[in-house]
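To keep things clear, I will list the structure first and then write my remarks on it.
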Amino acid sequence: MLGMIKNSLFGSVETWPWQVVSQGGKEEVSYEERTCEGGRFATVEVTDKPVDEGLREAMPKVMKYVGGTNDKGIGMGMTVPVSFAVFPGDDGSLQKKLKVWFRIPNQFQSNPPVPTDDSIKIEERESITVYSLQFGGYAKEADYVAHAAQLRTALEGTATCRSDIYFCTGYDPPMKPYGRRNEALQELSEGLHSFRPFGERLKKLRLSPSYSLAVTTSQALQPQLPVWTQRRETEIHSREVHLQVTMYEDCIKSTEDYYFVCDNEGAWSIVLESLAIIGIVVTIILLLAYLFLLRRVQDCSLWNTLPTQFLFLLGVLGLFSLAFAFIAQFNQQTAPVRYFLFGVLFALCFSCLLAHASNLVKLVRGRVSFSWTTILCIAIGVSLLQVIIAIEYVTLMMTRGMMFMHMTPCQLNVDFVVLLVYVLFLMALTFFISKATFCGPCENWKQHGRLIFVTVLISIIIWVVWISMLLRGNPQLQRQPQWDDPVICIALVTNAWVFLLLYIIPELCILYRSSRQNCPLPGNACPAPAYQCSFRVENQELSRDC
């Protein structure tokens, strides 16, 4: 186990030999030209599946072969990077096809073990010349697409690369907690690669002059060991690789679309998942409390807002539940849910706050409250426009062949924010109307207005931060798209908790205190405001004096 941890974090593995020909850069994009040595590779081809899903299917097969699932039953050790070919369409999106390559270690190049899995083929590939762009993080399909596009842009006017195929590489095991390395590779048009089935011809491999630089320092300095010691180390490494593959495969099977929680860099998802679950439980308890207060609160002006606040709590419950759509990977199922419900649920919440604030504007001036049906209709009616906008957008995208999966991360983020313009308008309108509740002679009602004002103000700050990070911060930090989902999900869960802590719970305390007072039953005529009563008494006393 200690050896596996050491190899995962700091270990030395055999490196696919290559020679760096040149280095260059354009507009903060640095790349290098390299010639990669050919050799025999274990390959797995997957079709009719998205790239991320295809990798989840192919990688365990390759790792099992490396770990000893072969005719000789021996572990060969790792060679990095593990690469795979992807095939872009005319619009830049990737086809549902990929081919994973694992370069067989030099020790087994002349006589590689035969795979027991028929889907694994041993093929021979000639050397190729590629341009490489390196990036970090836990890479997904969208990451490779984005960085491949950056590399193509940087190479314009410098080199002509193939447009029908490019390559992606990964250097690190899934459990490595930091310093991950990935690359997008563009192949020169002149250097067409070729695969030849093993056994078709024998080729004497020649290592490049830079091979000694490609291997790790620990390998170069490692003394020659007796044969029996090498065999023993090979057996130990085989068991470690097999254990590591089993752990990763079990994690994948148990988490499915939440598979990136198997990686330590996905710890944000576990934290947000916990906060969302706690929020769901707290919201359900508050819903039950509001149902209880519906029969206890007798002040009709307070009671009239209870149905709208109950609807508001349902919206908050939906926000906490929606967090799981952002914790799961972006796919054909989660994309429509994200784009539809995010704006609709926030529009519903801000519409409820807007309806409550509009009613408070009357109450602070001593006027009669709206009826509960009027307040509820205002909240529902105002939010309907966002529902219509979201339905039209999602329907349009899905009828065009699930365009979500063919858009770049930048396009997805811009569309996501533009779809929320009406929600931003509702937020601003609620903010200004809540400020109007500060003007009026009835002090008791102003505390409700202050709660709405502070809630909307904090929400505005949250939205400014997450939109700025999504559209500007992540691209400038070169963390797009790997930070996109965390940014949105953090904002979602944080804003939902703001709704509970700054608005619902204080309102619940006010309602509970009011439920102990002797007031008319809901539906009966409300008493005149206090200042009106005192004004009438003063008039009566004045008339008596006269």
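Numbering starts at 1 and runs along the chain as it is shown here.
Yeah, the Cβs are placed from backbone N, Cα and C, and that goes for glycine too.
In TrEMBL, annotation is done automatically, which means it is predicted and not curated.
According to TrEMBL:
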- 263-507: domain 'G-protein coupled receptors family 3 profile' (DOMAIN)
- 275-294: transmembrane segment (TRANSMEM)
- 306-327: transmembrane segment (TRANSMEM)
- 339-358: transmembrane segment (TRANSMEM)
- 370-391: transmembrane segment (TRANSMEM)
- 412-432: transmembrane segment (TRANSMEM)
- 452-471: transmembrane segment (TRANSMEM)
- 483-505: transmembrane segment (TRANSMEM)
- Query: Which sequence positions outside the transmembrane segment (370-391), separated from its termini by at least 6 residues, show Cβ-Cβ distances below 8 Å to it?
  - Reply: 303-308, 311-312, 339-341, 343-344, 347-348, 350-352, 354-356, 358-359, 362, 419, 422-423, 426, 522
- Leading stretch by Cβ pairs under 8 Å, where the reference is the transmembrane segment (452-471) and the options are 306-327, 339-358, 412-432: 412-432
- Item | pLDDT averaged over every residue in the domain 'G-protein coupled receptors family 3 profile' (263-507) | 90
